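The domain 'NADP-dependent oxidoreductase' annotation in TrEMBL covers 17-291. According to TrEMBL, the active site, proton donor annotation covers Y47. Annotation source TrEMBL lists site 'Lowers pKa of active site Tyr' at K76. As annotated by TrEMBL, substrate binding site applies to H107.
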Amino acid sequence: MEITLNNGFKMPIVGLGVWRMEKEGVRDLIINAIKIGYRHFDCAADYKNEAEVGEVLTEAFKSGLVKREDLFITTKLWNSDHGHVIEACKDSLKKLQLDYLDLLLVHFPVATRHTGVGTTDSALGDDGVLDIDTTISLETTWHDMEKLVSMGLVRSIGISNYDVFLTRDCLAYSKIKPAVNQIETHPYFQRDSLVKFCQKHGICVTAHTPLGGATANAEWFGTVSCLDDPVLKDVAEKYKKTVAQIVLRWGMQRNTVVIPKTSKPERLEENFKVFDFELSKEDMEVIKSIDRKYRTNQPAKFWGIDLYA
């Protein structure tokens, strides 16, 4: 299944996120994912494993396992590179060993002190608070992103972690409309207003953290996961599926792209087995009822400032 973006390109509705994927495990996971059927990989300069991903992709192309044109590769512009968009994109392309990106996203709606292209540091001041660069507007960054399309380096451009009002502003100043807004959304953080706003204006929503972060976010941010919710467990029992499969299917039926992350081969296969069943309208409503407006991904923990405040 694919979603057609507002520029006509197609994006597979299920992808694999490579955040927190250990460098030594990247090869086996991506090769196995391609064999299972994944054709969409979500990367970012900040994940610090673009070079490892690039080596695997090159191997997969050279061996004939998959063709470049059959994959959808996303990466993201880091906060410290807003004033160096073209150089940062070329750096990511070099690491990924690609001639073009299918999608480049502005990772967060904030420019921070530049630390060197590709270094992707979270630049903190002496006070432990993020050093925000107040001389670079998001509009300036976006117009630099648009240049990448005309240069042929990127097919689609988009935004990430933008709320309704920042998304509205981007629509107002853009010559090329954002194709995607990648946000945290899952049953405990459904964000219907933002999802509906984006979709109404032709912006595809990609759900990062589509499973609510599970164990990883509990360790990093001290948050709880929706995967332990008794309501979801009951729905999973009804369909003879795992809770994760129910949650991913729910995301797909909202017309959002889902990019679950895992380092376990068995989970890799499980997360892709979501095309052979459909949740009823009643069960979609049941899941809608458990929204807690609960964000599990909290970069403020490391930045000393809450960008979502």
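Just so it is clear, glycine is given a Cβ too, placed from its N, Cα and C backbone atoms.
Computed from a predicted structure; not experimentally measured.
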Between K76 (site 'Lowers pKa of active site Tyr') and the residue listed as 'active site, proton donor': CA-CA distance (Å):
9
Which residues of the same chain, at least 6 positions away in sequence, have a Cβ lying under 8 Å from the Cβ of the residue listed as 'substrate binding site'?
A44, A45, D46, K76, L77, W78, N79, S160, N161
C-beta crowding around K76 (site 'Lowers pKa of active site Tyr'), within 10 angstroms:
27
Report, as a single number, how many Cβ atoms besides its own are within 10 Å of the Cβ of Y47 (active site, proton donor).
21
